[in-house]
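Trainee: Just dropping this structure here.
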Amino acid sequence: MRALETIATLREYRKSLKESVGFVPTMGALHRGHQSLIERSLKENSHTIVSVFVNPTQFGANEDFSAYPRPLEKDLALCEKSGVNAVFAPKIGEMYPYEAKQRLKLYAPAFLSHSLEGAVRKGHFDGVVQVVLRLFHLTNPTRAYFGKKDAQQLLIIQHLVQDLLLDIEIAPCEIVRDSDNLALSSRNVCLNATERKQALAIPKALEKIQQAIDRGEKACEKLKKLGLEILKNLEVDYLECCNHKLEPLKTIEPANTLVLVAARVGKTRLLDNLWV
């Protein structure tokens, strides 16, 4: 496996690849959810590149960029064991050669980025677009793999590729859950035993909503009320039913509905969702 730290070495490596390339962008602290993206890329492509880069532009003023976990050696070992061909782990100066005021400004589309996560974390998706577009230019992948757990991010990346006419297939990957049904997240390590039990209300609420939909319930207000009752002991940022343009829905639209939840357990903020 190649461990690449500079754009020059990545470009040289990329030029040597003649067949399909799968790309898995990450911020490190890899877990089984990331591993499932890697495994799918390995299955569908001749070569797989993983990036490990904690992107400063997607952190807000009140979010502790310096505290984000960076177990790079552990991440490299996981990638090598999985069969990844190359890992790109650049320093900030490689990805952002100019200071902020000299940088080209890129903005995520407002209709997808200003609600839900974008309302809570203002400017977050602008930072995501900044780094993902740079990584796409550098890796020039055939396919890029994103988890469905970060549903709003996935929709924004899909729109980015379509709007900028990029020849990249975006491959959405299913949510991976732990044995207790909690969606895997790098943030889960911040939960103590008591908080972990409390956090299980999130998948339970979504499961209850799915069961109601399966029984024929289509009214979004009723479904949200059902979920919020289960989440009553958590600090809920939002529980919403939206279509794939993130427009609020009054009734469920088959194959075009997302039920999105964000809630805080102690100091840890967790996301989960249903694709209906």
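Residue 1 is the first one shown; counting continues down the chain.
Each residue, glycine too, has its Cβ placed from N, Cα and C.
What you are looking at is a predicted structure, and each value in this text was computed from that prediction instead of being measured.
For reference, Swiss-Prot lists these features for the protein:
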| type | residues | note |
| --- | --- | --- |
| ACT_SITE | HIS34 | active site, proton donor |
| BINDING | 27-34, 147-150, VAL176, 184-187 | ATP binding site |
| BINDING | GLN58 | beta-alanine binding site |
| BINDING | GLN58, GLN153 | (R)-pantoate binding site |
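Any idea what these are sitting next to in the structure?
Mentor: In sequence order, VAL24, THR26, LEU78 make up the list of same-chain residues 6 or more apart from HIS34 (active site, proton donor) whose Cβ falls under 8 Å from its Cβ.
Within 10 Å of the C-beta of SER186 (ATP binding site) we count 16 further C-beta atoms, all protein chains included. The secondary structure of SER186 (ATP binding site), as reduced to three states from DSSP, is helical.
In the three-state DSSP reading, GLN58 (beta-alanine binding site) counts as helix. Long-range Cβ neighbours of GLN58 (beta-alanine binding site) (same chain, at least 6 residues apart, Cβ-Cβ under 8 Å): HIS124, PHE125, ASP126, GLY127, VAL128, GLN130, VAL131.
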Trainee: With Cβ-Cβ distance below 8 Å and at least 6 positions apart along the chain, what are the contacts of GLY33 (ATP binding site)? List them in sequence order.
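Mentor: Result: GLY147, LYS149, ILE175, VAL176, ALA183, LEU184, SER185.
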Trainee: Hey, how far is LEU30 (ATP binding site) from GLN153 ((R)-pantoate binding site), Cα to Cα, in Å?
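Mentor: Rounded to a whole number, the Cα-Cα distance is 18 Å.
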